[in-house]
Protein chains: 2
Amino acid sequence: MAVGSGELPVLHPIDGVKIGVASAGIKKVGRIDTVVFELCEGASVAGVFTLNAFCAAPVTVAKEHLASTSPRYLLINTGNANAGTGQAGLLNARNSCAALAKEVGVEASAVLPFSTGVIGEKLPVDKLVAAMPAAIAALSADSWERAANGIMTTDTRPKATSRQIEIAGRRITVTGISKGAGMIKPNMATMLGYVATDADIAPNVLQAMLDQSADASFNRITIDGDTSTNDACVLVATGRAGGEQLTEASGPVFDALQQVFNEVFLELAHAIVRDGEGATKFVAVEVTGAKDVSEALKVAYAVAESPLVKTALFASDPNWGRILAAIGRAGVESLDVAALTVHLDDVLITEHGGRAESYTEAAGAAVMKQAEIRIRINLNRGQHAETVWTTDFSYDYVKINAEYRS
Amino acid sequence: MAVGSGELPVLHPIDGVKIGVASAGIKKVGRIDTVVFELCEGASVAGVFTLNAFCAAPVTVAKEHLASTSPRYLLINTGNANAGTGQAGLLNARNSCAALAKEVGVEASAVLPFSTGVIGEKLPVDKLVAAMPAAIAALSADSWERAANGIMTTDTRPKATSRQIEIAGRRITVTGISKGAGMIKPNMATMLGYVATDADIAPNVLQAMLDQSADASFNRITIDGDTSTNDACVLVATGRAGGEQLTEASGPVFDALQQVFNEVFLELAHAIVRDGEGATKFVAVEVTGAKDVSEALKVAYAVAESPLVKTALFASDPNWGRILAAIGRAGVESLDVAALTVHLDDVLITEHGGRAESYTEAAGAAVMKQAEIRIRINLNRGQHAETVWTTDFSYDYVKINAEYRS
């Protein structure tokens, strides 16, 4: 199941980025599971990675390589996360980079590795290396949709988006893909996300822009509260659109680019939630009137991750008592429950610590039947607002995770 | 489903405590849903209550009454939680106490009210009041099992235990009941728990003993991470066993009583986990080698509440990668993942940041097939240890919570 049509828009190529895919037979024979990105010389690259202490070997190696040089290749495999694999896993990640580097004639540190799939199993490096020539031979600017398909695991559909805007008289293109459906509560990044633009942006500015965009998108979604070991997100700026390089994190060009990055990242993050494991609902938990960001997020996540709220969403049951209970246990100090209000979309359900006078079960039920729902909580004690996106909890979530070894 | 036989032991009566049950038809006609405890004059009573900010009206009233006088009656109803009901809910809780008080000839403040069931609906006070004479007429010292049945909601079986020990030449009896199966992550208490003894204990000492016992039992279990609005636990000491009153929180008598209370509370808390909604496994998550209590609990709860770990437990799949991922996101500062070890019962699964050399899938699978499992995590960085008990996550959890309005 998944929410919304999931139809992909036209994915504009990015000048300076080529993508090749291949089938290494890592988990299933014949499935596309290997994706190589080739970035033009001089491209700026920024990355954000999981904060899970058990971060995967490729995350460690990608961070090292990104810090030491300007990357020219991204090497991504699905079917095996190369996480929880100790020293041997690090060696396998490094060997994979070295093999690709040799094939294309760059330093090993110019390759960033990414893996997603089963945790705790040995990465079959031989299979991955054997597939590299095919992926390199297939390198093309038009393969964004193939790449979106090639990085999927329990995803039921590819996730990608693209934008073109005019900035300072030049047409700038931004295209990106993402993947992820379970073990989703990103912390600095999503499961995997790759976004590129032909704008010319200095690496340090690009990193600041990525941090902001990822924080407002991938860091605001949760499917099951389980932060992955492999989260990684990369933003590439090839500079091929021409014009002056953006070297300051301010000004109208910066603002326009940040805005389009924010939009692209949010769309990719939402696509992950819409395709959440077993999802039948796409739910925005909007908290307003909070004293600070922290308490807004506490309340939003408590509601978004409550198994009882999520099963009520699955049942389309306007069981607002469970929403109140989740708000009440969110750990907000001196919360005045009589002062807050809760709406389902535009239907006021709670005020003065209980059911609103105007509320009718029919009105609540009508909203809960929708595939897309906003749970709006106004704490009425401050000026801060945060939104977190999530899904419901269905039989299929249990089925997928009881049957699939992720 | 539930784990273990659930057979109740002999429940010894407590001199000074009588219990009457009745059917008020609050949710289902004919079901026992009203329980009245009568405590002898001079009994000490201690209570612990939910920390959920949206605490139910009866919790607010019970705390007020307990602070103002020595309780003589406990009035418990199921089928309606009287939570999220605002000012009207408080009035209903007070009116219920007043009605019972009038019937038995005490002050209203001598009655402690407790409710459990659907959140957000109006308590049908008329029905509850109408059932009071029958409950009072039924008052008997031998009704502990009836009471255990009478306080159930989605519980599939009653929970109760009883102990007799010799202390300072006198036979002391402790008997208790509890209920709860979902919305279980108690914070200072469980959903509902009532324990009584005939030992003579001063109220302030009794409160200290209850705090310790509840903290080591009800405050160490989680079924779905959802702290209830109605959690409450009461410990009564009637003093009818005779002897000197215990007025100091130390010494051999104190230690012996605390020990038996701890055992009784832990057994009642475990009974709740064994009967967790949809539970097919009873799981202890034991964390050792932690720097402090806080980080031990962070890790234990991250593992115990991970939907991915819980669905793997349901599938009897030794998917230890999910355990590592949960440990890694628990928020322990500077966690050295290469230093920690993880066992399933006595099978070492992880060391040096990856799968143990000695581990075999067959050995892991054999443990996971059991109905009772210990996940043992040694952080190897300190001297603190904590255990949390939980269940798996099954289709039936979703079914129960998608179909039942709690």
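Cβ coordinates are placed from backbone N, Cα and C, and glycine is handled just like the others.
Noted in TrEMBL for the protein shown:
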type	residues	note
BINDING	A:Thr153, A:Lys179, A:Thr190, A:Glu277, A:Asn401, A:Ser406	substrate binding site
ACT_SITE	A:Thr190	active site, nucleophile
Nonlocal neighbours by CB distance (under 8 Å) for A:Glu277 (substrate binding site), same chain, sequence gap 6 or more: A:Thr154, A:Ala181, A:Gly182, A:Ile223, A:Asp224, A:Asp396, A:Tyr397, A:Ile400, A:Asn401
Filtered binding-site residues - A:Thr153, A:Glu277, A:Asn401 - keeping only those with Cβ under 8 Å from chain B: A:Asn401
Binding-site residues (A:Thr153, A:Asn401), the one with most neighbouring Cβ atoms at 10 Å: A:Asn401
A:Lys179 (substrate binding site): tally of other CB atoms within 10 A of its CB: 28
Secondary-structure category, per DSSP, in which A:Asn401 (substrate binding site) falls: helix
Reduced DSSP assignment, A:Glu277 (substrate binding site): coil
